[in-house]
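J.: Before I ask anything, here is the structure I am working with.
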Amino acid sequence: MKVAVLGAAGGIGQALALLLKTQLPSGSELSLYDIAPVTPGVAVDLSHIPTAVKIKGFAGEDATPALEGADVVLISAGVARKPGMDRSDLFNVNAGIVKNLVQQIATTCPKACIGIITNPVNTTVAIAAEVLKKAGVYDKNKLFGVTTLDIIRSNTFVAELKGKQPDEIEVPVIGGHSGVTILPLLSQIPGVSFTEQEVADLTKRIQNAGTEVVEAKAGGGSATLSMGQAAARFGLSLVRALQGEKGVVECAYVEGDGQYARFFSQPLLLGKNGVEERKSIGKLSAFEQNALEGMLDTLKKDIQLGEAFVNK
């Protein structure tokens, strides 16, 4: 199994690469790519960790050598948020980066599963889909927006509030991956109940958690370490499913039946070909139903922005 990380010299990429080097199954290959000249050195640094995961690093304009034979490609390349920016302010720079990298994937490893981490995910996934479509290699079961950070944050915040162990909590999060489009389904956590005020406050905290980190880092970056952990969790789940493990479920932002929007984050059963089944979002509370209806215009606009970027 070969996993490629694009944007591997950045804050998220390095954290992600470290976790994959220590946790991928024995015999896996890990390929690191970034435009930054330091990237082969990051690979050498990680190569000293004693795990049976082969690692190589590649730098420069051409990602092709890193992508050859990849089964999974995780894209974290792009610029990070600064205070006062929201994820959509990143669009102008990151849209071009994602478009270019996905074009290289389309020619080099068109059958790979692709996980997009680069923000704004609501939009960059639509860009990736349109690029793959133009190249005639789009498979909607193999393109994912990685929203796992919203899930791990939800798990952490709920556990803190309710005095539970965080590994006992699994909160499904649906919708998209910014602001109001992030909708944690707090009504679906077994054995945990909330007051209306707790639901409103927790939902807002989960939606604004990225900004909490950006402000706390005081201009020194955005969420890199928790995002690295979230991306590793998603990537490792995908690898396990591709290798035939049954019953692997993760939420991610994918193209579905269009019931809510063309792309929508929901629980997915993963399998040997990527998405095996898009699972129902289940029964929503009145608060959740209202939040879902209220976000769809924003989500659809984010998606259209990405489609238009490729098709202009």
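Cβ coordinates are placed from backbone N, Cα and C, and glycine is handled just like the others.
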J.: For the NAD(+) site that Swiss-Prot lists with Gly7, Ala8, Ala9, Gly10, Gly11, Ile12, Gly13, Asp34, Asn94, Ile117, Thr118, Asn119, give the additional residue from the candidates Met227, Met295.
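T.: Among Met227, Met295, only Met227 appears alongside Gly7, Ala8, Ala9, Gly10, Gly11, Ile12, Gly13, Asp34, Asn94, Ile117, Thr118, Asn119 as NAD(+)-binding in Swiss-Prot.
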J.: Same chain only, sequence gap of 6 or more: which residues have a CB within under 8 Å of the CB of Arg153 (substrate binding site)?
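T.: Looking at Cβ-Cβ distances below 8 Å from Arg153 (substrate binding site), excluding near sequence neighbours, one finds Ile206, Ala209, Ser226.
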J.: Indicate whether Met227 (NAD(+) binding site) is helix, strand or coil by DSSP.
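T.: In the DSSP reduction, Met227 (NAD(+) binding site) maps to helix.
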J.: Measuring Cα to Cα across Gly7, Ala8, Ala9, Gly10, Gly11, Ile12, Gly13, Asp34, Asn94, Ile117, Thr118, Asn119, Met227, which the record gives as the NAD(+) binders, how far apart are the two most distant ones in Å?
T.: 18
J.: Tell me the Cα distance separating His177 (active site, proton acceptor) from Ala9 (NAD(+) binding site), rounded to the nearest angstrom.
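T.: Roughly 23 Å, rounded to the nearest whole number.
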J.: I want to check the contact list for Gly11 (NAD(+) binding site): same chain, sequence separation of six or more, C-beta distance under 8 angstroms. What comes out?
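T.: Listed in sequence order: Ala80, Gly221, Ser222, Thr224, Leu225, Gly228.
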